[in-house]
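Only one structure is covered here, and it is reproduced in the block below.
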């Protein structure tokens, strides 16, 4: 460790020394101290020799830095004395030659090299290698620099020289045989780069020395594309002259070749150069009628250049002036879009169509009005455009000015002659310009249009509606523009749906408009009904506009309980949307929540406001309605659901259990005494659970909606029975629904527990009788099986058949039973037949809920018992012998009968919770076993294939049985693997694949018997408390099912058992047997339904409640004490004031006498 630390420290010191050396070199370069640098190099040659080519010293190599300051002596010392690498690169791949190509040489004459002489003008002279144009480049190449080296972008030194316009560097690189056709990553050659930069002399030099003039980049731009894209007329002419000199046959090709976007060089020239150049290109053979990939022609490119002479030149050569692109844009539309008044006027002067349209049907005037360019509008108006032209939406130029709120442009248009027809123009929705002004709410624009219509359109109808029947008054009210409403001509007409301006103001919550309407005597009624029969109050309530609702409720003639054509009130609409504030306000003003919707409504048949709140899960609305004083009437409503009926409480159980909790809390009332007092009581009202109140159903008066509806109902009754007429009176019991929808929190409520306890008490005699009856049946069945001798024991060791055995026993007067068994046998048949009749009655009375696991087990028990006890022949009757199959049915039947006894115990005794826990664990274990069953199948197949000679693995049935037994822990490894060592071991004990078999058993024990079995046990048991709570809930659910089923059976059998409406429970009183039994069942069912945490929280809640009650009593005592003290103090004060008054009178009398 210490050695590594020292090495790191030495390396750190060395790096710092190298950095200091690099800074020293840079100091010489910046001072251009050649002599000092040379002396420093001679003194430190060995050290600098190892560092000069190290790129880690800085981002830029030292040689590159020397080249940047253009001091040849530094370069020479670095290369010759320190052996600097002339091809070293920086992080961008730039070599020394790249750097030299960018810099301008100081033309230092080197000995032994021929000085540069400029070429003579009379002809082209080739650049020879001996001629020096750039000293440093020439020197670097002589020292081995690569003239075609590329940087990270693929650029060579020649590209760098061309980009900087360094002609001497270009000539020197050409002389040093640099590749003039080298391309960078964009396929740009030095010639194309020179054309792009506009370096004419470099272009000429490259062409003179063999550069290909028809090279293209990756976008297929040639040299003329690049030249024409620059605003350099001289360069363009020189390039064309050079091309004519060197490749005249390629000129026409270069002029009219298109790039990837479809543009020629002429296109770019039209946008970047003047008319003289275009004329020059046309003379050289350029075709001005080309169209690019977007459908744009030369005029489109000329518009971008803003040159009037170019426009005229193109028009003179017959170029299409109104050509449209694939986006539908003409040159004139482009000029307007680019906001160029001069170019717009030039195009119009040479004949452009002033009413040309783009893809959206918009004319140049529309575009100018939309953008608000008044100078453009003035220019276009000089050429008399058609003001009535409309786009695809039916809008004209006035629409455009109004929509974009360009008031000055609008005034300019309105000042034109014959503008009346344009003002009366309407769009596809029937809206005119004044409708749009009202939507926007710009009062100045509205007044300008209004005044123009007064002067231009004397017969204009200001209340003319659009296609939806909306006038300017409707729109002003809809968008909340009070200033416009105040100046509108008001009427009471509705739109196509019958909505007036007040409907719109209420719907969108514009309270100021509603107040304005109420303060003036207007022909508009504040409570007009639309086509659906709805008033503005219904819309305000449905949109949660509280202030609007308050304003409407204060107006004269407001009906808070107004019903629309489907009998829906504003309160019902507010409850549908869950607007609790609106519901409170409407109830405060006398809204009736019990009003029912029409029975023929498709979605809400017969619903009241509570149904609406419950369906949309609006808990606060439901709470508000239940606290309104109409709670009982709301809960009595009876509506259709599915194939039956339901009440709001059932609706709550299904959709909103929180509201059902509130209802049950309202029906569970304790007195004001503390719970520790003897007279403390809790009164349970079972009306929601038992429907003991009279339910409200639909009547003929509620279903009326006119003579037409009555005729329709009569016709339906005559033709076929409708769904409403086929409805039965069947309603699912609320307790059953709680179980069905898994509402555990409701099943744990005190009201439910009290109801179950009372039901248990009312049916206790029937339950005891049922249990005794079943125990008698079980005793008879068990005694019959135990006292009967098994058939297989009588047939053992003989070859007799059952018939032969029975005949011999009858002849010898032998019996197959121990004691006299006829009473037990016939008792089984009588009890089983009676039980089957009971099951049949249950099936026919409630066949929909009958199909359960418990009922299936009971049917199997009774059927098997009858099959076992019945005598198949007369011989069987005399001897008591059973058929072999009867013995099997009896064995299965007795087993199921005793198991079924557990189900009775689970529903009737406190130990039922443990049976519930057992069933849950068994269910979890069964699911996990199914999931991991491939393990059992895998090992069973392996054992069968390897040890199939052994009896326990000789077939698949034995193999699976043995594997399951081994899985439970009884591996039997000794019997399977070591029995072969016994003396005289038979072949069925041999192991033929011993190694693999040993390994298989070890893996099986590890994976299955240990790991998997423990995992399954842990997962199946899981959290004991959670399983216990689930078992508690399941026990309560089974109790609910049993009590509800028995109750429905009693009701349908007309036994006349009355339903209890309420019960008062005194937990601190002893009472009689019934009260004690209720207390026991109430506590037992409560513990079964709730977990320990819930019980503890309830106890804590009761303690808190008692504490609060005690504090309230103390506060009352303090208040009474305070009142008495204040009375005493006031009496004393009065007495003192009387005494002082008497003394004052005496003093005054004495003073008078004096």
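Cβ coordinates are placed from backbone N, Cα and C, and glycine is handled just like the others.
Just so you know, TrEMBL annotations never went through curation; they're auto-generated.
Noted in TrEMBL for the protein shown:
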- 1142-1154: compositional bias 'Acidic residues' (COMPBIAS)
- 780-1031: domain 'Ion transport' (DOMAIN)
- 1133-1154: region 'Disordered' (REGION)
- 153-185: repeat 'ANK' (REPEAT)
- 186-218: repeat 'ANK' (REPEAT)
- 261-293: repeat 'ANK' (REPEAT)
- 327-359: repeat 'ANK' (REPEAT)
- 360-392: repeat 'ANK' (REPEAT)
- 532-565: repeat 'ANK' (REPEAT)
- 566-598: repeat 'ANK' (REPEAT)
- 768-789: transmembrane segment (TRANSMEM)
- 817-837: transmembrane segment (TRANSMEM)
- 925-947: transmembrane segment (TRANSMEM)
- 998-1021: transmembrane segment (TRANSMEM)
PLDDT averaged over the residues of the repeat 'ANK' (566-598): 93
Helix, strand and coil residues within the repeat 'ANK' (327-359) as assigned by DSSP: 16 helix, 0 strand, 17 coil
Secondary structure tally of the repeat 'ANK' (566-598) (DSSP, helix then strand then coil): 17 helix, 0 strand, 16 coil
Number of helical, extended and coil residues in the repeat 'ANK' (153-185), per DSSP: 16 helix, 0 strand, 17 coil
